[in-house]
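What follows is a short report on a single structure.
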Ligand SMILES: [Zn+2]
């Protein structure tokens, strides 16, 4: 489905600090661009899956963002960030520091101390995990060698000096371990490096993903990529009993009895609606209408509050939903490339692991029909209380 992005709202949020800071970051990196940031060359991995790190002089918000990002990485992967003294001299380490940008080199540099920079304009946990994933060794999604199958690059909106950011990684040196995911936390937004207000620099071939790109939410495949790169899954292969995961889940390398679940799925085996905010809606043959609201919880400061719903129809039946944001002013408030103020994701696509088209502008109601049943609906916000009008039925 093609939707136009509300430009007036985008303009309001043109102070996309994450993106601006990343520009600084990537320019800085380009100066020393050698083909040394390679995944196939395993010397850029951290030995024993362990990244020694220490935190320099940064704000409490940055400290919290880094702490949350490390907690996520520890929960999902076998990579460990090990807190060390700043006089650590037993090998390479990462220093979290404010150099006025959001930036990190890619992988272990073998230079002793290497910096992950986070500054006040970096966007919370989402940017912290993006930069830490660079430090672990992960490059940008839009640099992948298969990128041109998924994006149209609008070079007319990019300054010459920024074009290197759109270069492709060599498939000889870089491996693509997971499918191309527009919702990866390593993917830039549609207007990154734009030399004109409001103009896009990259368009997804499937235009319904235009707001999805620039995500601040690490997705299933982000963690899966780390687990493959660091061979975390070997741990569960060598143990006898592993969980039999549903809905695309994979046994967690830290505890093979429970699964890493794609978004929208929970429980030990990914066969439950995730715990916390949300409910299960039972679809009938007749249309039902319901207002669904997500409210920000202050405990989620520096990140999002999520609500997970399931719409359930009789086994084997197709589900149809129509949804929109109730309030026009809220719609304008949260509309942005990347949906970092909040959004909705209805997981209607066949692959339960991949990020579906996320929406935060919804200029017109979305209407979709899917055989995915139960149908996960994910609402999230970083501040605003957002209410959606949902109509649903089975066919
Ligand atoms: Zn980056």
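The chain as shown is numbered from 1 upward.
Yeah, the Cβs are placed from backbone N, Cα and C, and that goes for glycine too.
Sequence-distant contacts of residue 131 (active site), defined by Cβ-Cβ distance under 8 angstroms and a gap of at least six in the same chain, are 102, 103, 104, 116, 117, 118, 122. Residues or ranges marked as active site in TrEMBL: 131.
According to TrEMBL, the feature Zn(2+) binding site maps to 130, 134, 140. In this structure, residue 130 (Zn(2+) binding site) is part of a helix by DSSP. Counting only same-chain residues at least 6 apart in sequence, those with a Cβ under 8 Å from the Cβ of residue 130 (Zn(2+) binding site) are 102, 185, 186.
For 37-233, the entry in TrEMBL reads domain 'Peptidase M12A'.
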